[in-house]
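Notes follow the structure.
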2 protein chains.
Amino acid sequence: MLIIKVMSGITGNTKLMDLLDEPVPGVGTYEDFNTIDWVREKSKDRDRHREITSKSKLSTPALLESISDAFSGWLLMLLIGLWSGALAGGIDILAHWLTDLKEGLCLSGFWYDHEHCCWGSNETTFQERDKCPEWQSWAELLGGSSVGASAYIVDYLMFIIWALLFAFLAVILVRAFAPYACGSGIPEIKTILSGFIIRGYLGKWTLIIKTVTLVLAVSSGLSLGKEGPLVHVACCCANILCHLFTKYRKNEAKRREKYAAAGVSYYFPLKTLWRSFFAALVAAFTLRSINPFGNSRLVLFYVEFHTPWHMVELVPFVLLGIFGGLWGAIFIRANIAWCRRRKNTCLGRYPVLEVLVVTGATALLSFPNSYTRMSGSELISELFNDCSLLDSSQLCGYITYSNTIPDRPAGPDVYTALWQLALALVFKMLITVVTFGMKVPSGLFIPSMAVGAIAGRLLGVGMEQLALNHHDSAIFKSWCSPGADCITPGLYAMVGAAACLGGVTRMTISLVVIMFELTGGLEYIVPLMAATMTSKWVADAFGREGIYEAHIRLNGYPFLEPKEEYGSKALAQDVMRPRRSDPPLAVLTQEGMSVGEVEAMVADTDYSGFPVVVCQESQRLVGFILRRDLVISLGACNARQRQEGVVSASLVFFTDHVPAQPTSGPPAVKLRGILDLSPFTVTDHTPMEITVDIFRKLGLRQSLVTHNGRLLGIITKKDVLKHMAQMANRDPDSILFN
Amino acid sequence: MLIIKVMSGITGNTKLMDLLDEPVPGVGTYEDFNTIDWVREKSKDRDRHREITSKSKLSTPALLESISDAFSGWLLMLLIGLWSGALAGGIDILAHWLTDLKEGLCLSGFWYDHEHCCWGSNETTFQERDKCPEWQSWAELLGGSSVGASAYIVDYLMFIIWALLFAFLAVILVRAFAPYACGSGIPEIKTILSGFIIRGYLGKWTLIIKTVTLVLAVSSGLSLGKEGPLVHVACCCANILCHLFTKYRKNEAKRREKYAAAGVSYYFPLKTLWRSFFAALVAAFTLRSINPFGNSRLVLFYVEFHTPWHMVELVPFVLLGIFGGLWGAIFIRANIAWCRRRKNTCLGRYPVLEVLVVTGATALLSFPNSYTRMSGSELISELFNDCSLLDSSQLCGYITYSNTIPDRPAGPDVYTALWQLALALVFKMLITVVTFGMKVPSGLFIPSMAVGAIAGRLLGVGMEQLALNHHDSAIFKSWCSPGADCITPGLYAMVGAAACLGGVTRMTISLVVIMFELTGGLEYIVPLMAATMTSKWVADAFGREGIYEAHIRLNGYPFLEPKEEYGSKALAQDVMRPRRSDPPLAVLTQEGMSVGEVEAMVADTDYSGFPVVVCQESQRLVGFILRRDLVISLGACNARQRQEGVVSASLVFFTDHVPAQPTSGPPAVKLRGILDLSPFTVTDHTPMEITVDIFRKLGLRQSLVTHNGRLLGIITKKDVLKHMAQMANRDPDSILFN
C-alpha cells in the first residue's frame, strides 16, 4: 500500500489514498537465501481468510469461492499423496529392475525383474524361488555357460560396468540439470521448514532429476538408501502442487505447512497433523494398488517372531545400543571431516570422478560377497527374518537332528555366513562414510540400518550358540531349557538396526514409530526402546548433533535447533548490535527525513531492515521497515510518480497524518502502509536464554532491544546463531545466511 | 533478594547488599488458583543449573551433587513408572475381584476372582473355561440351587446390593476425604499442565482416595472406565515423588514436565519425550511382571484377524465414523447440559443420593442383559474378537454346515445376541450421559469405546449376512466369492470404537496410536484413519470442543486452547485494560514513592502486578513487579527491619543506584531485586491473533502494551480468554480465574 500524496489540502487525502491503495508488486516477498517472517506470513493468511469469509456472505459465487478455499487444503493433500505415492512406487519398481539388470536379463520379457521373471515361470519350485530358466545371467547370455571361472568373471565385469554406467548417468544428470537434486535433502528441508528460502530447491527440475537419478543411484549398488530423497521428492510434489492454489502460492508459511505434511511432521499445528494423516492414507492407497512389495501388506519387512524375549537379553540389547551410539558418533565425525575436505580441497573439483571411483570400488568389493552384492533393503530383510525349516538361506544352515526347529547348532553354512557378514560390516561402515555427501541422491536410513542389522545378527547368532552350549549355566538355566528355541537372532538384527539409525540421526520418538511401521513388531517395544535410548545417550556424550544438524552447520544454514540447551548467562544487551564500539544504530525518523536522505542511508548500509523512531533525541520506537520493501516502494515511486513531482527533497512520512505543508514544497511520500507497527521488542536486561526461546517459538527474524522505553539496538536470527556458535566454541563466521 | 539499605554513604552499599542478599521466603511463589509464569520458572531453573555446574568444578562433593542432580530426572521417572505401574496393576486385579464378587464367591479361596478360581480347578474344560464347581454364585451359596426363578432373583438382588454398597462407599469416601478425587481428572490436569495451580489436586489424599474409590466405582458396574483416572493417579504419584528432589520441589515448570511425562505427553520439549519413553518402559516392565491380563502380551485386547479388508468396506467404515461423530457431538451437549443442571439446581446438593440412584438403575437394568452385565472392557474384548470354530460365545452361534469356518449364516444365537446388543447400545448411550460427572472417579474411554464397538459389531454382522446372501450382487461379486470369509465383524467393532472415542474426546493423532497399543493391529490403519477422520469432521461441525475442553469451560478454568482458531481483527489496544472510560493504569515510579504510598496503592487495587515506570509524565517502562512479591517484601521489611528505621515515609527505589540522601531522613527501601526487568511488551497496534499466539507459545501470564515507547496498558491471560469467549459469543464472565 504505497501512497503518494500531492498535498492540495486535507480533503484530497482519502481520495488519493483510495486511488493509490494498490500493492506494489514485490512488497512482502523475500530474497533468496533469507529467512521468512512467520508472524507476518501468518497474519497475511488470516487477513486473506477473513476477507473471503466476509465476502462470502454477500454473493453466491463468493460463497462457492470460500467453500473451495476451505477444501483446497484437503484436495491439495489428496493430490500430493497420490502423486508422491505413485512416484515412490514407480521408483521402487524401476530400481528393482535396474538392480537386477546388473546381474542378468529376463528372456520372457526384458522388462521383468528377477523375481517377477521367475513368478511367471512354470519350473520354479518353492524351495528355489529365484532359479528359473527364463532368467539368464550375463555370462549365460554372452558366453552360454553359467558355471566356471570365466562365467564368474563375465558376471563380475558386467556388474561393475552397469554400476559405473548408472552412477555416471546419475552424477552427470545432477550436475547438468539440477545441482540441488544431490544428497538426501533432509538438512535443507529442515532448514526450509524453519523458514529459510532456497529458490529452486523444491522446483520441477529438482523433482524430475531427483526421481530419475535416485533410481540410477540406488541401482548402481552404492551404499545409500532412498528414504531421505523420497522425502525431498514428496516436498517437491507439494511445492509444485501448491502453485495451483492461490492460498498457498502467495504464502510462504502455508506452503511450508504442506511441505511438512508431505515430508515429515515437524514444527506445525494440530490441523496439519490431521491433514498429513490424510496424505498418509492416500499414499498408502496408492502404494497398495501398485503393491511394490508384492505381499499385500502395508509394511516393508513383515516379521513374525515366535518366541518372546527374556529380561536377561536386555544386556545384549543395551550392548547393541552402545555399538549404535559409538558408530553414530564416529560416522558423523568421519563423514563431516570427509565432506569438509571435499569442500576445501581439490577433491571437490572432480565430483564425477569421485562418484565413479567410489562406485567402482563399491562394485569391485561388493560382488564377491553375497551380503554386499544384494541391495541394502534385501540384506536387512534377510537379516530380520527368522529361520523357518524351509528356509534355504545360508544364514539358516543349522544342523537339524529331527524335524523340529528348536535347538539348532550352527552348521558350516552359518559360520561361512558369519564371516561374510563380518566382512560386509567393515565394508559397509567404511564405504558409507565416503558415499554420503557425494553429488548423487543418497539417503542414510538403509545403510545405517544395514550396519546395525549385521552387527545385531552377528551378536544374535553368537548369543544363540552360547545359550545352546551353556544351557546349564546360571544365566540361561532359568529360561532357556534344552530343546527350546529361546533366542531369536532376527530380533537382534532389528534392535541393532534401530540403535544404529538412532545413533546416526538422533531421531527421538519418531524412530521407534518408524521401526513399528517398517516391521509391524509391536511387542518388541521394550528391546527397541532400551537400545535406541542407550544409543542416543552414548552418541550424545560425543556430541549432541545428529548427522542432519551437522550437515546444516557445515553448510552454514540459519537453523535454530529446537532441542539445543542454552547455558550462558548473557543478556540481550551483550548480543545486540550495535556493539559498544560500533557507530550508532541506523534509524529512520517518522517525519522530517527526505527521500534523498533515506536513499543515502539504504545505500550506505547493508542491513535488511530499519527501525523507525519518533525522533533522534527520544529514540522512542514507532515501527520497523524491511529494506526490501523500502527499496521497492521508493523505486516504484520514483518510476511511477516522477510526474507527480516526488524528488529527492520530498519528505518521507511514517506518521498517521501528514501535516499540512506549504504548497510550494515538493509533495510528501507517505510510507506508513509498509511499516510494521508491531515489531517485536525485548528489554536489554532480558536473558539470552529467554530471547533464544522467543526466536525459536515464534519464528522471528529479528527483535528490537529497548531500555526504559528507548530503542537501544537490534538482534537478528543471525546474531543469535553466531552467539550460540561462540558459546559452543565454534566459529561464529560459519553462519552464512540471515 | 530484598535489600534494605541504611544509607550512610555509597561505600556501605555493597556490604549491606551482601549481608541482606538472602531471599525472603515466599517471594517467587504463587497463590492457589493462579497461573504460573513459565518464563520466570524456566529461567529460575536455568540459574540453579548454572550455579550447580559452576560449583561442580570446585570440589568433589559439589561434583557428586551435580551428577546426582543430572540423574535425578531419570531416577524420578523410574520411580514414577514403578509406582504408577504397580498401582495400575493393583487396581486392575482388585477391580476384577470385586466385580466378580457381585456374582459369587470362590470356595477354594475367597481372594480368587472367577477366572483364577477356575484356573485352579481340575474339572474345567477348555470349552467352558468359566464353569467350575469351586466358583459358586450367591444363589448357590445362600439357597443351595443355581437354577430356577428364585435363584435368579437371589443373584439379581445380590448383584444390586453389592453395586449399591460399592458405589455408596466410593461416593462417601470421596466426599469425606478428597473432593478432588472425583471425575476423570483429565480437564483439571490439562489446565494444570498449561500452568494453573490447584493445590491438593495432585496430593497424597487425592491419590489414596482416588485409587480406592476407582476400584469401588469400576466394580459397582457403573458405565465408566478407569483410563482417565489412572492418568490422574500417575500425575499424583509424579507430584508426590517430585517432593523428594529439590530440583522439582521448588520449580512449578519442572514439576509440570514430570506430570506430563507421567500422564500424557503434551505441551513439552523433546527431552521430556525421551524421558516419558523411559517411564513407559518401566511401567511396561512392572505391568509385565504383575501381568494382569494373563497372556504375556503388553497389549490389552490382542486381536488377530485372518482376512484383509476390501476397499468397498470403506463405505461402512465411513458410516461408523459419521455415527461416532454424531454420538460424540450429542453426548457432549447432553452431558454438559446435565452437568450444568447439576451445578445450578438442587440436584447438586444430593450427590450421594444421585450416585445411589444411578448405580441402582444401572444394576437393575444391566443384570438381565449379559452384554451390559459384563464389565465394559470384557464387552469390548468380546466384540473385538473374531469368531473361531471353538468359540462358545453367543455372538459366534453361526450355523456350520461343514467343519470349516467360512461362509456362515447367522443362527438364532446370533440374532438373540444382536437384539441384546441393540438394547445394550441404547442403555449405554443414555446411562453414560448421566454417569460422567458424578462425584465418583469416572473415565470415558471404556464407555465411549463400548458404544462404538456395539454399533460396529451390529453393522459388521449386518454386512456379513448381506454379503452372504448377495454374493452375486455387483458390490460383492468381485471380492467376496461364496465360501470365503470376507467380512470381519470384529474389525467393524474396532473401527466403531475408535470413531466414538474420537467423536467424544477429539483426540487427534494420539487416538490411532492408542488404538494400536490397545489392539496391536497395525494393518488396519486405513480403516481406523478413515473412521476417526470422518468422526472428527462430523463432530467438529456441531462444535469444536471435545468433552474435556467443554468441562474445562464449564468450570471456568483459564485454559488457552492450542488449536482454537482465532478469527477477529481486534488489536491489542482493544483488549487491554484500562479501557477508555476506566481510571488510568496503576503504575509505580522507579523513584520518589514512599512505602506508605506503595502500600496504599496495593490496598486500593486488586491487580496481581504493577508496572514500574521512569516517571509519571514519560510513562517509559522499567519493569514489572508482582503484587504477591511486593506485599511479602514490604511485610518482611516491616517485620524484620523495623529497628533499622524503615517507616511509611521511607522512599522506595527500583533504580540501580540509590542517590545519596540527607542523613536526617528515614532509610530508603531498595526493591530492584524483586523487579522483573524483562517484562513482555507488545505495541498497541499488534493484532490480537499474534498476541494470542504469543500467550500460547510462551505461556505468558500478562503482557504490557506500549505505544511509541510509552506504557499504555496491560493484557492478562484472563483478558485474552474473556476476549476470546466474547468473540465466540460465550459469556466472558464464565472465565473465573486468572
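Placed from the backbone N, Cα and C atoms, the Cβ positions cover glycine too.
Because TrEMBL annotations are produced automatically, they should be read as predictions rather than curated entries.
Just so it is clear, the model here is predicted, and its values are computed rather than measured.
As recorded in TrEMBL, the features of this protein are as follows:
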| type | residues | note |
| --- | --- | --- |
| DOMAIN | A:576-644 | domain 'CBS' |
| DOMAIN | A:674-732 | domain 'CBS' |
| TRANSMEM | A:74-98 | transmembrane segment |
| TRANSMEM | A:156-181 | transmembrane segment |
| TRANSMEM | A:202-224 | transmembrane segment |
| TRANSMEM | A:230-248 | transmembrane segment |
| TRANSMEM | A:273-294 | transmembrane segment |
| TRANSMEM | A:314-338 | transmembrane segment |
| TRANSMEM | A:350-367 | transmembrane segment |
| TRANSMEM | A:417-437 | transmembrane segment |
| TRANSMEM | A:444-463 | transmembrane segment |
| TRANSMEM | A:491-516 | transmembrane segment |
Is the transmembrane segment (A:156-181) packed against any residues at least 6 beyond its ends, judged by a Cβ distance under 8 Å, and which are they?
-> 98, 101-103, 138-139, 142, 188, 198, 200-201, 203, 205-206, 208-210, 212-213, 216-217, 219-222, 351-352, 355-356, 359-360, 362-364, 367-368, 373, 438-441
Please give the average pLDDT for the domain 'CBS' (A:576-644) in this predicted model.
-> 83
Tertiary contacts of the transmembrane segment (A:417-437), defined by C-beta under 8 angstroms and 6+ residue spacing from its ends, are 183-184, 222-224, 327, 331, 334-335, 338-339, 342, 358, 361-362, 365-366, 369-372, 379, 394-395, 397, 444, 447-448, 450-451, 454-455, 457-458, 461, 547, 551
With the cut-off at Cβ under 8 Å and a gap of six or more residues from its ends, the chain residues touching the transmembrane segment (A:350-367) are 155-156, 159-160, 163-164, 166-168, 170-172, 175, 220-223, 342, 373, 427, 431, 434-435, 438-440
May I ask you to check whether the transmembrane segment (A:314-338) and the transmembrane segment (A:202-224) make contact, with contact taken as at least three Cβ pairs under 8 Å and only pairs 6 or more apart in sequence counted?
-> no
Kindly report the helix/strand/coil residue split of the domain 'CBS' (A:576-644) according to DSSP, in that order.
-> 28 helix, 16 strand, 25 coil
Residue distribution over DSSP helix, strand and coil in the domain 'CBS' (A:674-732) = 24 helix, 18 strand, 17 coil
